[in-house]
């Protein structure tokens, strides 16, 4: 049974969110709406979105196991999420609360 379920689900939500952003960006570029951006810019944004999706995937798996590595990665991603004002700030603050010693479920 996975530990830290709410935090695991938040990370899984962000996996889907970043993959949808990536898909939407590539689709709008293919349809010609983003032609003012260079291919290099689109490729860089694709790498960023894919990288964030991978980090959330890895973090989700480690948080579900209750490892210290998962907790550290989750703190880093929570701080990044704080920058996504205004909704991301609320989600990031909630994630940091779930990472507090009171709420964190560590594997034994």
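If you go along the chain as it appears here, the first residue is 1 and each next one adds 1.
Every residue gets a Cβ built from N, Cα and C, even glycine.
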Request  = Among 37-55, 56-74, indicate the range for which TrEMBL gives the feature transmembrane segment.
outcome  = 37-55
Inquiry  = Please report, as numbers and ranges, the same-chain residues at least 6 past the borders of the transmembrane segment (37-55) whose CB is under 8 Å from any CB of it.
reply    = 14-15, 18-19, 21-22, 25-26, 29, 73, 77, 80
Request  = State the non-local partners of the transmembrane segment (75-99) in its own chain: residues 6+ outside its ends, Cβ under 8 Å from one of its Cβ atoms.
outcome  = 4, 6-7, 10-11, 14, 52, 55-56, 59
